[in-house]
Amino acid sequence: MRTATYFFIFLNLSLAVFEEPAVYPLPFLVTSLVEVLCLLVFFGRLTHFAKVTRRNVFWKDTKNICIMVAILLSLIDLAIYGVLRIYNVRSIRWSRIVRPIFLINFAESRQIRRAFRSIRNTLPEITYVFLLFMFSLLMFSLMALKLFGERNLQTAEGLPYFKNYLEIVFDLYVLVTTANSPDVMMPAFDFSSWYALFFIAFVIVNTYIFMSLFLAVVYNNYKKHLKVMFGGLNCD
């Protein structure tokens, strides 16, 4: 039953590859029948678990409540989406975001649940570093707006360069990953090569300092919580 449960969880998660918009699209009837089959298996597994568990224990277990709510939401969303398709109304399958709940909350997924709990416990402790990073990003974006916003620069596509503050924040956020480097700085660099110093300072502070600090805090706190859990202090 454990193997069957994992198989149908994997099948349910893989539907995202075949549902519209999809990499390999399949007819809606096929994907919906597969999803209903998966949900029936999940409900059957939950029913079987309820038969061998005391009622007061079963209903007090948050994992079982989460699974039942996820099944109900998936069926409601599937029904609404199907009716809207009949009337040629475009909609979105919002219930996709609840599918990982099945992977986390079944009794067979104890190790995954432990890892997920470690990640959850780590989040509050990295909030301060993340806020500092966001503050730095917002300040650099404000400086970029003041430096380049009034110089009527244009991108290679002929669009205004660093005119909108939110667009600047997004462009610099992408620059932290160096994905749009050096394209994002070329209009400013063509205007004056001295402006390259701004982007060099930004990359040093945010990519090499803050990202390294962020990674170190995440790793150390995650390792600490994982040791506690596998040490038996907070197993399940």
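Each Cβ is built from the backbone N, Cα and C atoms, and glycine gets one as well.
Note that TrEMBL annotation is computational and uncurated.
The domain 'Ion transport' annotation in TrEMBL covers 6-224.
Annotated signal peptide per TrEMBL: 1-16, in sequence order. Residues of the same chain lying 6 or more positions beyond the ends of the signal peptide (1-16) and with a Cβ under 8 Å from any Cβ of it are 22, 31, 34-35, 37-39, 41-42, 45, 48, 96, 99-100, 102-103, 106, 108.
According to TrEMBL, the transmembrane segment annotation covers 26-44 (among others).
Positions annotated as transmembrane segment by TrEMBL: 65-84 (among others).
What TrEMBL records for 126-145 (among others) is transmembrane segment. Tertiary neighbourhood of the transmembrane segment (126-145): same-chain residues 162, 165, 168-169, 172-173, 176, 198, 202, 205-206, 210-211, 213-214, 217-218, 221, selected by CB-CB distance under 8 Å and a gap of 6+ residues from either end.
Distant neighbours of the transmembrane segment (165-182): 137-138, 140-142, 144-145, 189, 199, 202-203, 206-207, 211; these residues of the same chain sit at least 6 beyond its ends, with a Cβ under 8 Å from one of its Cβ atoms. According to TrEMBL, the transmembrane segment annotation covers 165-182 (among others).
The transmembrane segment annotation in TrEMBL covers 194-219 (among others).
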